[in-house]
Amino acid sequence: MDIDIVSVFPEYFDVLNLSLFGKAMERGLVTVRVHNLRDWTHDVHQSVDDTPVGGGAGMVMKPEVWAECLDELLDVPVDAPADADAAPSPGSPVLIFPNPSAPLFTQQCATELSHAEHLVFGCGRYEGYDARIPQYYRERGVDVREYSIGDYVLNGGEVAVSVMLEAITRLLPGFMGNADSIVEESYTGANALLEHSQYTKPATWRGMAVPPVLISGDHGKVDRFRRDEALGKTSRLRPDLIARLDCAALGKADRKTLMALGWEVSGAHPRRLG
Ligand code: SAM
């Protein structure tokens, strides 16, 4: 996977050399190029921002500088005509802008983007970037995504890009040491739940024992215990995920557990009783 990141603080991404991501770069699984947006400025102050049109606090990132940079990275000709119905061609780069007022970035987005060949991330700063930038590239056939990583406001897009990048790239075949690690995880798969609680040795620590079934050696019972724990935890903490489950894909034991947790499972999706 090819990754371009544009930021006014490119040093933020030095941490990518660490841990599994660093190893993935060494092995050539991912190629990352980090660019300083200021390299596309022409004035002596290397300005990337200007005051908001219509007034208001703060500064907004200028479209001209972003466009010079993105035309180059996305290979879009300066005179490319606008087409409101332009469809992205398969295999073309996906342009991603983190933005707190955009739809939420989820595991599903990460999974979808892990199949892309080339991702280009643009890190916003200040009050954000001129709203015409994503629109301009969409109308030139670029697959442009804007995502929020949560309901809070950060100073810039760098942390948000790091979050998305890690969620996407750990799904690449060969990225994780053990491929099974990403199969049964929270938010993963068609009928996604929160993952069951995890324990390691010793079996008793400071007087606290792990659930006895986990050391029973009975794999069937361990699987059922974990599944019931995941259903219970998800029902308690994220009932929205339970309400999205496809009842037709649930086994008899799952239905029994959900009914005991106060869900009705005879329709297309579980419905909370009472
Ligand atoms: N004025 C904007 C607002 O109220 O929605 C906030 C701008 S924020 C200070 C500057 C940049 O940080 C944004 O353009 C975006 O790139 C990034 N950012 C901040 N919070 C974010 C979040 N929750 N998710 C994704 N990106 C975020």
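Counting begins at 1 with the first residue displayed.
Glycine is no exception: its Cβ is also placed from the backbone N, Cα and C atoms.
For 1-243, the entry in TrEMBL reads domain 'tRNA methyltransferase TRMD/TRM10-type'.
Classification of Ile149 (S-adenosyl-L-methionine binding site) by DSSP places it in coil, neither helical nor stranded. Look at TrEMBL and you will find Gly124, Ile149, Gly150, Asp151, Tyr152, Val153, Leu154 tagged as S-adenosyl-L-methionine binding site.
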Least buried of the binding-site residues Gly124, Gly150, going by other Cβ atoms within 10 Å?
Gly150
